[in-house]
Structures are given as C-alpha cells and as structure tokens.
Amino acid sequence: KIDLRARKAFYSYEVRTSDNVKLLLDGTIFWQISDVRKMINMTSDPEGDVWARSRSTLIQAVSNVTLSDFMNRFNDIVMNAFSAHSADSFYSSRGITMSSMELSRYTCVDEHTRRVLQEIIRETTNRINRLQKQRSDNEVRQERLVAEIHLEQNRTSLIETKALNTKLLAETRGATDGGQVATGISSFIDGLGSSLPNVTERMTLYRLHETLQAAKTDTVQLSSGNASLYIAPREMDLRLQMPHAVQEL
C-alpha cells in the first residue's frame, strides 16, 4: 500500500558560500506522490530522490551568494531555489509533487567562523532591540505630546468660552439697564402727553425731575452717613451724581 498523503523529509546539508564559508543547513521538505504508476516505473526510493535533488538545488543556490548576502536574505534564497526546481521534470517524471521547502536554522561548520557568526547575530539582535526600544520611547513621547497639545487646546477653548460668556452677560446687563431707563423716560414723557403737548417742554420737565431726584438721593445719603458736603458757587453749575442713582430711581 502506497501512502498518497503529503509527507515531510528533514534535511541537513553542508554547503559553501561564494566566499568559501562552509554552512550547515537544517530544514524540512514537504512533498507527496501524485502519480503512483510513474513513481513505480522510475524509482524505488522517492524520498531519497527528493532529498538528493533538494540538496543539489541548495548547494547551487548558496554557492552563488556571499555569507553576508545569505545572512541578510536566506529565506528568499531558499524560496527562490525551491520555486525554480519544484516544477523540474525530475519530479514530474517520477510522479512526485513538491509542496514547500523550509529552512529552520543554519550554522557555520568552522568553529572560529561560527563564533564570529554568533557574535554578528547577537549584535544584530541587540541593535534591533535597541531600535525597537527607541521607537517605543519615541511613540510614548509623541503620544504624550499629542495629549498635552489636546489639553492646551481644551484650555484655550474654555478660556475663550468664558470670555465670550462674560461679554454676553455684560452686554445683556447693559441692554437691560438701558432698556429700563428708556422705558422710564418714555413712560414719564408719554404720561404728560395730554397735559403738556410740547415735547421740548416735557423733556425740560423730565430733566428737572431727575435733578430733584438726584438732590433727594444726595440729601438722604448725607443725612444717614459720614459723607462730607462741599458747596460750590452757583455760577459753576457743578453737579455730581452717584453711579447707582439711576438704579434707585
């Protein structure tokens, strides 16, 4: 009975880079039998054929690159090599279909080169970690700066809103006080319409009324408080009025 399910084969190949550094590659090959008749006619060891052909493919691919190039893009090198040979007639003629090839690790065979390589990998890892930490610190500072800017914008908006509300309240209060004064003047003048038709005379009478009211207020304040009285000559026509006199009228 022949198993037609997908299979995997582990490999460990010795290869050399173009700058003559010997490497040991470990990984896995995934394959399966797709045509039993062809497989039986062409080979009695399909797994051995897959192993040997894959080894030849990787040896050829790695021999075209330097150690530095292999370290920087070993995944691409292995995948490109697999893509190039997976459609090879070598496999189709044996009824074999290649699924994928994975590289799990690599190391230098020479001890000195291995130590140098490990140091390079360690330093590269440390550099990546430092870069990631720096990037994280930068992101934290950026988020803090954005939060501070947002807070200051909210504070500015609050100050502007308070200033606008204060202005509106002052305008409303002024309009209300002015309206009350205007209403009082209008009522006084309109009330004299039947008895004093001349508008100018009515205005003169209103001014006299205000003068008397102011004098009355001054008298009350002088008599009930500790204020001092200063009398100016009549020809100076000097008149003082308290700021709140209009509100009390």
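Note that Cβ sites are derived from N, Cα and C of the backbone, with glycine treated the same way.
What you see is a predicted model, and the numbers here were worked out from it, not measured in a lab.
Pulled from TrEMBL, these are the features on record:
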type: DOMAIN; residues: 12-107; note: domain 'Band 7'
type: COILED; residues: 114-141; note: coiled coil
(message) Going by DSSP assignments with H, G and I as helix and E and B as strand, what are the residue counts for the domain 'Band 7' (12-107)?
(response) 48 helix, 29 strand, 19 coil
(message) Limited to the domain 'Band 7' (12-107), I'd like the whole-number average of pLDDT.
(response) 89
